[in-house]
Each structure stands twice: as C-alpha cells, then as structure tokens.
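If you check TrEMBL, you get these features:
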{"type": "TRANSMEM", "residues": "9-33", "note": "transmembrane segment"}
{"type": "TRANSMEM", "residues": "45-69", "note": "transmembrane segment"}
{"type": "DOMAIN", "residues": "81-364", "note": "domain 'Glycosyl hydrolase family 59 catalytic'"}
{"type": "ACT_SITE", "residues": "Glu213", "note": "active site, proton donor/acceptor"}
{"type": "ACT_SITE", "residues": "Glu289", "note": "active site, nucleophile"}
{"type": "DOMAIN", "residues": "372-483", "note": "domain 'Glycosyl hydrolase family 59 central'"}
{"type": "DOMAIN", "residues": "519-685", "note": "domain 'Glycosyl hydrolase family 59 C-terminal lectin'"}
Amino acid sequence: MSVFRLCICLFRLCSVCVYVCSVCVYVCVVSVYMSVPSVYMSVPYVYMSVLCLCICLFRLCCVCVYVCVPSLYMSCFILQATSRLLVNYLEPYRSQILDFLFKPNFGASLHILKVEIGGDAQTTDGTEPSHMHYENDENYFRGYEWWLMREAKKRNPNITLIGLPWAFPGWVGHGKNWPYDFPDITAAYVVNWILGAKQYHDLDIQYVGIWNERNYDSKYIKLLRYTLDKNGLETVGIIASDNLWEPIAFSLLLDPELSAAVDVIGAHYPGTTTVLEALETHKRLWSSEDYSTFNDEVGGGCWARILNQNYVNGHMTATISWNLVASYYEELPFGRNGLMTAEEPWSGHYVVEPPIWITAHTTQFSQPGWSYLQTVGHLGQGGSYVALTDGKGNLTVVIETMTHDHSVCIRPPLPPFNVTSQNATFQLKGSFELHVWRSQFNFKTKKPSFFEKLIPVKLLDGSFTLNLAEDEVYTLTTITTGQKGSYPEPPASARFPKVYKDDFSVRNPPFTEAPDFADQTGVFEYHINLTDPGPHVFTLRQVVTQRPVTWATDADQTISVIGDYQWQNLTVTCDVFMESVMTGGVFIAARVNKGGQAVRSALGVFFWVFADGTYKVTNDIGQYEHCTSLHTHAHTHTHGQFASGLLNGFPLWQNAVVLTPNNGWAAIGTRSFELAQFDNFAVVAE
C-alpha cells in the first residue's frame with residue numbers, strides 16, 4: 001500500500017495530548033436504593049423492629065421513630081471517557097488505584113459502577129468505542145469499560161453494574177441524529193450490549209438507562225422493556241430519564257404501561273431537591289448524575305453535603321457522581337472532577353483526593369439491603385444527619401456540618417445558608433458501643449484530617465453528646481470493619497515524556513486503543529494488515545465511517561490527541577495511509593488547544609495531505625483558517641513563530657506563521673469519517 005510520512009516541525013509550537021475515556025460508568029455516589037417509596041407513600045408504611053434514634057440539637061429534639069424506609073444503600077460512580085489513562089498505568093500502581101476505588105473496607109468501597117455504553121461519539125472528554133461500529137459488526141472487547149467492570153467485580157463481587165448510552169453509531173439512526181425512529185433497532189443494540197457483557201465477561205448488568213440528558217421516547221422505553229424480557233433479562237431494571245425530574249415523572253403518572261416499564265427515576269444535578277410528581281409515582285428516586293466538581297477540599301465538602309442531603313431533602317436513595325477517577329488529560333473539560341486523580345500513567349503518580357474518604361464515611365459502614373431510618377434531618381445550627389440500619393441490630397449515623405462556601409458544587413447554584421458550631425445529643429435505646437470516624441477539613445489551618453478513627457463511644461444509658469465544629473463529617477457505627485487503607489507513596493509527578501514513539505506493533509494488545517492517545521472524534525484502534533507483508537503490518541486505524549448519533553458537538557473530522565498540553569517546541573512525524581481512493585484525507589497536528597465538547601473549534605497547526613495529491617496547512621481543524629506566509633521551497637528547521645512540513649522526507653512547506661495558540665497537544669486524524677491508518681508516530685519536544 002502507498003504510505004506517506006508526514007512531519008511537522010514547530011518552534012514554540014507543540015502539542016501532544018492524551019484523551020481520557022470513561023464509558024458511561026458514571027462515577028457513583030453514596031446513596032440508598034429504596035425498595036419502597038419514601039414518606040409520601042399512599043400505602044401503609046412497613047413497620048420494622050429497629051433501633052430507635054433520637055437526636056437533641058441544643059433545645060430541638062426529634063421525636064423517636066420506630067419506622068425505617070426499606071432500601072438498598074449504594075454508592076456509585078460514572079465513567080465517561082474519563083478513565084482513559086487509567087488502563088495505561090503499570091503495576092502495582094494500577095491495582096492500587098483500583099483498590100482505593102472498589103476494594104471493600106479500604107477506600108471508597110463503592111457499591112455501584114455506572115458505565116457508558118460506547119457509541120463512537122464525543123461524550124464530554126472523549127469518545128467511547130461501540131460494540132457495534134456497523135450493523136453487522138459485534139465486538140465485546142473494545143475499549144476499557146469491560147476491563148474496568150471486571151476489575152470492580154473482582155474486588156467486590158456484589159457491586160451493581162449500570163449501563164447508559166450517551167451516543168449511538170450512525171447506522172442506529174439511519175443517517176439521522178435521532179435514535180428513536182426505529183426503536184426496535186435501538187432496543188436490540190442496547191440489549192446486545194447487556195447480553196455481550198454476560199456472554200464474554202460474565203458480567204450481570206442490573207440497570208440500563210435511555211439516552212443521557214436527551215429526550216426520551218415512551219414507545220422506545222416500553223419496547224426496551226419488552227426486548228429485555230424477551231431475551232431473559234427480566235431482572236434488568238430501567239432508569240429514566242437521566243435528565244430532569246420532569247417531564248418523565250408526569251409521563252409516568254399519566255401512562256400506567258410506561259410506569260410499569262420504569263423502575264427508577266433518575267435526575268441529574270437536582271440540588272438535593274425533588275418534585276411532588278416524582279414522589280407521587282412511588283418510584284425509587286436517584287440523583288443519577290451529580291457532583292462533577294474539582295476534587296480539592298471544597299469538592300470534598302460538596303460531596304459530603306449532597307451525600308446526606310440528597311436523601312434528607314429529596315428522598316433520593318442513590319447519588320451517582322460524575323466522575324469515578326480523573327484519569328484524563330487535565331486540560332480537557334472538567335479536569336480533576338473525579339473522586340481521585342490518576343492522570344500520569346507515564347510516571348505512575350496518583351493522588352487519593354478528599355472525596356475518596358468522604359465516600360468511605362458511608363460506604364464502609366452500610367451495604368446494599370440497609371435502610372434509612374425515618375429519623376433524619378437538619379441539625380439545629382446547620383448541617384444534616386442520616387441514620388441507617390441493616391434491621392439486624394447494626395446502626396450507622398452519618399453527620400455533616402459543611403458550610404456554604406466550603407461545599408459549593410459546580411451546579412446548580414447553591415442558595416445561602418449558615419452553619420455554626422453546635423452540640424448534638426444522641427439518645428438511643430440500650431447499652432452498646434459505637435465506633436467513631438471523623439474528617440475535619442480545617443480550612444483555616446489548611447491542615448485537613450480525613451477519615452480518622454477516634455476512641456469508641458460507649459453508651460450506658462443510651463445517651464452521648466458530640467461537639468460538632470464547622471466543616472466536619474462524622475460516622476458513628478456498630479460496624480467494626482472500617483479501615484483507612486494505604487500504600488507506599490506513589491512515584492513523584494512528572495510531565496509527559498518529551499520524546500515519544502509508537503509503532504503500534506502489538507499482535508495481541510490488551511486494549512483496542514493505543515496508550516496515551518485520547519480520541520476526541522472517531523475511534524482509533526489497533527489494526528493488523530493481514531495482506532501486507534511490508535513494514536506496516538501493525539498500524540493504528542480510524543474505523544468510524546459514518547457520523548454517529550451524537551451527544552455533543554463532534555467535529556466533522558476525526559481526531560485523537562496525545563501528549564503534554566504545555567508543549568511549545570516540537571516535531572511530529574507519522575506514516576499515514578488513506579484507504580479512500582481520491583477522496584481520502586489525513587492530518588497530523590501540533591499545538592491543538594481544544595478537546596472534549598469544544599473539539600469542533602480546536603485551533604493548532606494542522607498539516608493535511610489528501611489522496612488526490614494535494615495538501616493544506618491550516619490553523620484550525622475545520623480547515624477555514626489558513627496559515628499565512630506559506631512557501632513551498634525546502635526548509636527543515638523551525639524558528640520563532642514559524643512552522644515547516646515535510647512529506648516523505650522532502651521539505652514541502654515552511655515559514656507558516658502561527659501566532660496562536662501558544663501551546664497544545666499533538667494529534668492525528670482524518671478529513672471526514674473514513675478509514676485511514678497511522679504508523680511510526682513520533683514526537684520530539686524541547
């Protein structure tokens with residue numbers, strides 16, 4: 001085959017970027033999964049013999065209640081092209097990160113993992129590959145979500161798995177950006193993913209969603225329920241509609257058949273509140289996407305507040321955090337919005353951030369099957385408390401006193417409120433011991449202390465008092481297995497290597513994506529040319545040939561980024577092969593300044609070569625802005641704000657003036673959704 005070698009040399013221009021993915025695995029939050037509606041039930045409450053909890057706050061006393069709300073308490077997290085770099089970590093660091101996320105009684109000890117059902121399209125920070133690129137194509141080993149679910153299941157066999165589509169391959173929409181014109185095709189596509197999870201990975205998917213933050217279609221939901229049942233998946237529940245409380249709650253009230261098909265109402269970023277119509281459906285209510293906040297101490301405070309108050313204020317029994325782990329290039333949208341940070345596989349460095357330990361306050365001391373007691377509410381001087389029981393004599397109380405400015409989430413706007421120090425007196429029946437775990441944010445001293453085990457509290461007459469300061473989280477529990485897990489310090493942080501090469505010569509790759517490449521539009525996979533005996537048997541191939549049913553504003557071109565966003569001076573080289581005769585086109589690029597949902601407006605230095613023998617140099621991915629002062633005489637060096645290019649070793653253009661952007665990633669891509677191959681990719685940066 002005809003292969004061309006492209007080279008871009010840039011002085012003070014450089015871009016190598018890695019895009020992090022995360023299959024709809026929405027990083028989940030601590031929450032309770034109710035099997036019976038909350039206090040708004042029209043049917044009689046279920047009375048159980050449980051521990052009686054009274055809380056006296058200054059002079060305010062809650063009435064002792066003997067009723068609990070039967071529920072499953074869960075913590076869940078979403079992946080959505082946000083774990084792209086995680087798979088590239090070497091051992092033992094990769095397993096350590098996974099332990100902090102999933103291992104019971106160690107770190108976050110998550111109960112739920114929600115993943116994206118890849119649809120070949122941009123979904124915030126990258127694209128997730130579909131299990132069916134084309135109508136007659138099925139491959140249940142693409143991407144890293146299968147691996148991540150297996151690893152989570154290996155650590156916690158009882159973890160609940162959820163799938164949700166953000167986008168769909170183009171063939172599902174028959175050329176339209178809409179998945180509901182042929183609901184039987186869409187339903188079969190989603191059900192195939194669930195069946196493939198079981199057949200090829202022995203993974204049982206317990207819940208599935210409709211279409212993330214987009215319109216739902218009642219006919220499709222009913223048909224999805226029918227298709228699930230027809231394929232023996234009666235136990236798989238449907239969550240709708242992963243958007244707002246309305247209009248799905250109103251639709252469920254009006255349509256009994258639709259209501260019978262839906263198990264859970266899932267709302268995004270509800271601000272800890274719900275609506276009356278949702279309560280009247282008697283469905284389980286979840287905050288099915290929440291948090292999405294920078295994971296510093298304030299992010300930890302946001303997480304602590306909504307974990308409690310989503311139930312206290314909104315009767316939501318699950319809170320799902322986006323995202324699971326910030327394992328994507330930080331300069332992509334919503335950098336470091338995960339429970340922990342693992343964005344440097346090349347160094348092995350990772351950081352266990354505050355949200356991990358805030359999660360542990362709930363997840364390590366309650367399990368699926370536990371129930372919220374009715375005795376929950378707000379503290380007299382601000383803050384909140386919840387109480388849970390397993391119905392067998394165990395009790396867990398979680399208290400948070402987060403102040404307004406130290407618990408602001410990215411959305412929605414947080415109304416003003418006050419929290420001050422206070423004494424809280426707890427009155428319980430019986431004589432027993434409660435183990436105490438505390439997190440203190442200490443914003444004034446900037447010396448936080450997270451998930452610290454204190455001396456147990458012994459109850460002789462059933463009463464004890466806590467002195468609660470501002471910005472604290474307490475867990476008081478009968479459970480004795482809590483642990484603050486630890487490993488030796490990981491390696492120090494380091495920038496992306498200045499010299500990077502990949503010839504993609506991997507016969508049996510563990511993952512379909514090449515390390516460190518972050519697809520922003522299209523899908524780039526390892527490929528073997530079985531009929532080519534030459535030097536390009538192993539390549540990286542762009543495989544999406546039709547624009548998907550998109551969720552974001554994908555570019556019209558495909559692109560995968562890699563490297564250090566701060567690079568300014570670099571040389572990018574790559575062998576390229578256009579499979580579309582006469583109509584094909586490919587590019588290599590440097591200093592690419594945008595990815596994620598903004599990839600369509602990315603700027604940089606884009607060196608295009610087309611199958612008809614022409615070439616172009618542009619300042620943007622859309623090919624609208626041409627670089628100035630372009631000459632075709634030979635020159636192989638760079639100087640100042642100038643860029644030069646070579647084709648097959650011959651100088652093709654030089655002295656292209658590029659004033660902006662000043663830095664960015666390196667990238668490869670195609671002019672449209674077309675097949676093309678890349679080999680011997682290399683970057684040398686100053």
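Glycine too: its Cβ is placed from the backbone N, Cα and C atoms.
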Name the residue among the active-site residues Glu213, Glu289 whose Cβ has the smallest number of other Cβ atoms within 10 Å.
Glu213
Does the domain 'Glycosyl hydrolase family 59 central' (372-483) make contact with the domain 'Glycosyl hydrolase family 59 C-terminal lectin' (519-685) through 3 or more Cβ pairs under 8 Å, each pair 6 or more apart in sequence?
no
Helix, strand, coil: count each for the residues of the domain 'Glycosyl hydrolase family 59 central' (372-483), based on DSSP.
0 helix, 55 strand, 57 coil
Arithmetic mean of per-residue pLDDT over the domain 'Glycosyl hydrolase family 59 central' (372-483):
95
Taking only the Cα atoms, work out how far Glu289 (active site, nucleophile) lies from the residue listed as 'active site, proton donor/acceptor', in Å, as a whole number.
10
